[in-house]
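Annotated features, as they stand in TrEMBL:
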ACT_SITE  ASP76  active site, for OMPdecase activity
ACT_SITE  LYS78  active site, for OMPdecase activity
ACT_SITE  ASP81  active site, for OMPdecase activity
BINDING   SER135, GLN193, GLY213, ARG214  substrate binding site
DOMAIN    19-229  domain 'Orotidine 5'-phosphate decarboxylase'
Amino acid sequence: PLAQRLFTIIDEMRTPCALLRTSLDSSEVLQLADVLGPPTSASSRRTSTSWRTSAPSFPARLKDLARKHTFLIMEDRKFADIGSTVQHQYTHGVYSIQAWADLVTVHAFPGPAVLTALKQASLPDQGCVLVAEMSSAGSLGSKEYTEASVKMGEDVPDFVLGFVSQSRVSDKPNFVLMTPGVQMGTAGDALGQQYCSPSTAVGERGADVIIVGRGITKSEDPAAAAQEYQKAGYDAYMASVAT
């Protein structure tokens, strides 16, 4: 259901673009979500760097904006611990992620129990995205690890929406592939990030959704930048489905 909902948003809103917001306080996140909601299909956040606990109304306000602008909320938490710890992090603590996120990101290396723990604590309309590949230079993720991660996710199709990846790691159409590190006009940063263009991410690497961060949030005109990425991503998406 979540995958169908996401693809419906992509088709109706003409955007395969997910916006990653990081290192921002809650008011900035909400402002960007309101301004940039229409050009994006998902809003990906990192609570550990962007949510100040002095804003308890933040989750409800973000959910209101998601309904208003028709996007999904993906918390880029990258859960990576034993099942009981992850379940507690998901349902309790400062952020109470389970109460407001449609999706969360998860590392596969703890094993299948991490998915079991999250699924047990989730509602039927919630899910996760497994990190199969990263965009950072020198990543230790091997081909064997990626394949094992994908197999682990494909074994739980009713909870795993898809994969964060840099290539078409799964050929099963019911899994969504999300490619981070998308930015136009630059190859990377000084801290190991490696960028690719929307056309490369979609056309060559098989992404269904492109994840854009600083290419939008650090732009002088974030709204115009979001529309530029929306068009570039959707044009590449339409070209890929036409072939």
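The backbone N, Cα and C atoms fix where each Cβ goes, glycine too.
All TrEMBL annotations are machine predictions without curation.
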Check: To test your reading of the substrate site: which residues beyond SER135, GLN193, GLY213, ARG214, same chain only, put their Cβ within 8 Å of the Cβ centroid of those residues?
Finding: LEU20, PRO180, GLY181, VAL182, GLN183, ASP189, TYR195, GLY215
Next item on the list: Tally every other Cβ atom lying within 10 Å of the Cβ atom of GLN193 (substrate binding site).
Entry: 18
Next item on the list: Quick one: average pLDDT across the domain 'Orotidine 5'-phosphate decarboxylase' (19-229), no decimals.
Entry: 90
Next item on the list: Whole-number Å only: compute the distance from the Cα of GLY213 (substrate binding site) to the Cα of ASP76 (active site, for OMPdecase activity).
Entry: 12
Check: Cβ distance under 8 Å to ASP81 (active site, for OMPdecase activity), same chain, sequence separation 6 or more: which residues?
Finding: GLN89, PRO110, VAL114
Notebook entry, point to check: Quick one: largest C-alpha distance among SER135, GLN193, GLY213, ARG214, binding substrate per the record, in angstrom?
Noted result: 14
